[in-house]
Amino acid sequence: MVQRSFGLFATIALAALALAPPAAAQREAAEAALAAPKVPLAIGVAWYPEQWPEARWATDLALMQKAGFNTVRLAEFAWSRMEPSEGAFDFVWLDRAIAAAHAAGMQVVLGTPTAAPPAWMSQLYPDILRVDENGTRAEHGGRRHFSFASARYRGFATRIAREMARRYGRDARVIGWQIDNEVGPPSFDAEAQVLWHAFLKQRYGTIDTLNRRWTTQYWSQHYDNFEQVPLRAGGQHNPGLLLDFKHFTTATWTDYVQAQARAIRAVADPRQWVTTNTMFWNAGFDHYAMHRDLDLASWDNYIPDGRPDWLANGANHDLVRGYKQRNFWLMETQPGRVDWVPVNRALDRGQTREMAWQAIGHGADAVLYWQWRSALNGQEQYHGAMLGPDGTPFPIYDEIAQVARDAAAAAPALAGTAPVGRIAMLFSYDSRWAIDLQRHHRDFDPVKQFTAWYRPLRSIAQGVAVLPVDADLARYPLVVAPSLHVVTQAQADRLAAYVRGGGHLVLGPRSGMKDDANALWPQRQPGPLAELLGARVEQYYALDAAAPLTGSLGAGETAIWAETLVPEAKDVEILERYGPSNGWLDGKPAAVTRRVGKGRITYVGVWPDEAMLRGFAQRLLDAAGVAPVVPDAPPALEVMERAGNGRRALVLINHGATPLRPALPAGAVPVTGDLRDGVLPAHGVAVVALTPAQAGISNR
Ligand code: GLA
């Protein structure tokens, strides 16, 4: 597993920890605060008062109030304003902005400004600047141009975080902290190399262990000492090195964020939560590890092409909810459009509202728009905003105001509730990275493959928890791991215990092939789970044309990938076989299943077509006794259930362009939204309350 702190930064971390109240007590208090937020649904916006004359603030805040907002996020890029020269701090303007926001009824989230270091720092200390893999040092003028490995930068970043926390850490108007903004790009400077070597030393202990785990006898790669190991993200390098590079970026970014979290927590009221905002499916670091010591997950949900694919976007939300297995914040979303893809199409009328309710249905307790008003200059002049350059509302303002109105009406029914996950899916960063490093078939995109399985499972079960491999799975009757490529012995043992205890584990292709140093398991797939399965993969094949499948799951075909399986135990059942194809596949088992203990393990060595996957999902869910809350939901209807705290509610969205009539459970009471006489119009949303007695399902 990835280490959280190391070398140089461990010293910094320990010094900061000495000042902090006991972590457990602090976390408990923060969790209590999270369980009882002041506003059950926070609706608001990123506001940059530093970009506008102070005389304008009152007008802005009055318009936010009119929109029904209750939350603003401030200061995340305002470093040059808060520390105009080295060590000279100016918070007076921010004091006034917070006071004005509070007077207008807003709670405040403060961002630390460390994604945008000031020019004086780049000029005086060019060693803080990021260096890319080709050795080019970043220059000032954009953002994220710092090195995540720079001790000097770490010092500046923790100091501004500490100064802010000293001033606002006990301020009742401030509810939480966002650290940095979308951390991500690594650096390859000399300090990063020193940290890399320290990281490898901590991970492997001796160079002999590293040599063994990476099989460095291959191509004479043997290392005499850690200092010889190059710092590389890609190219023709050892797969062990490349996967460990990801572990290294995880450790370094986690430590970077935690350094600020510690600085804040050392002085702040534990009532204030600490988060960092992340990006959809970002592969830069392991998000489970990043969130282990944060209070809250938050993310930035954008639909770049303006064409929402609700199932794919829902998978994103569920992934984020899985980081802490707790409700999260939508820290940013677009008022209509973005400005960073080739065609920045705006969402259709009604879809911005749909996306807000989708987030809430999947567990967001906040929806914040980015941004309030476009700055008159700066890199993002074309991005969606709520106000135009003239300071008056764009058409989207009214749609977002409706989100705020509906949220206020729905808040009592949703307070203290969380999404109900009826089954679990496992998403593993190690597996994703290892496949991405060696796809073997260009189109074997691990996120697409995960989403292909998520689609039917989610639309039939109407509630999927996306979890790390180490999560407690006991409560889920069905756990699907579409491609658990990297699995450790300890993880395999836990999964085996889950199966023996009565769960059904379904593994997709390429599962159980590698260990966490990206080395092949010496057993055939699924490696440490092969014995449990009573079968093994004989060979895998990348396909340039689909291969036919027949069997008890029905007829269909597999594209991209095919694995032939060999049953070894007598009680292994063959579910599916290949039809005539390349000769190697013909007639061979493609999917097998076996009862073990009180449960079952199934291995599916293919990427089935959509219809087949749907049929298979239906069978798996039927066998697990999982039925939808709203039966026969048409494809455009999204059903999301939130329960807990004695409440149970459904969030319904008609993502389509024609009206629908959802088959609601008896006794459902509309709370807010567009449901009229049982009909949900095109792009309509509704929240309905169910009586807790109708639940029968725990709050997961
Ligand atoms: C990201 C950033 C924001 C803004 C938006 C624009 O999510 O966090 O500062 O640049 O993108 O879409």
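Cβ atoms are placed via backbone N, Cα and C, with glycine included.
TrEMBL does not curate its annotations; it predicts them automatically.
These come from TrEMBL:
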- Glu182: active site, proton donor (ACT_SITE)
- Glu332: active site, nucleophile (ACT_SITE)
- Arg143, Asn181, Trp340: substrate binding site (BINDING)
- 47-406: domain 'Glycoside hydrolase family 42 N-terminal' (DOMAIN)
- 422-626: domain 'Beta-galactosidase trimerisation' (DOMAIN)
- 1-25: signal peptide (SIGNAL)
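Counting only same-chain residues at least 6 apart in sequence, those with a Cβ under 8 Å from the Cβ of the residue listed as 'active site, proton donor' are Ala115, Arg144, Asn277, Thr278, Met279, Asn282, Asp300.
Using the Cβ center of Arg143, Asn181, Trp340 for substrate, the list of other same-chain residues with Cβ within 8 Å runs, in sequence order, Ala115, Arg144, Glu182. Averaged across the domain 'Beta-galactosidase trimerisation' (422-626), pLDDT for the predicted model comes to 98. Filtering Arg143, Asn181, Glu182, Glu332 by Cβ distance to ligand 1 (under 6 A) retains the following recorded positions: Asn181, Glu182, Glu332. Taking the Cα atom of each, Arg143 (substrate binding site) and Glu332 (active site, nucleophile) are about 18 angstrom apart. Every protein chain shown contributes to the tally, and the Cβ of Asn181 (substrate binding site) ends up with 24 other Cβ atoms within 10 Å. Between the candidate recorded positions, Arg143, Glu332, Trp340, the densest Cβ environment within 10 Å is the one around Glu332. A separation of roughly 15 Å, to the nearest angstrom, links the Cα atoms of Trp340 (substrate binding site) and the residue listed as 'active site, nucleophile'. The two recorded residues, Asn181 (substrate binding site) and Glu332 (active site, nucleophile), have Cα atoms 11 Å apart. With Arg143, Asn181, Trp340 listed as the residues that bind substrate, the site has a largest C-alpha separation of 17 Å. A coil conformation is recorded for Trp340 (substrate binding site) in the three-state DSSP classification, outside any helix or strand.
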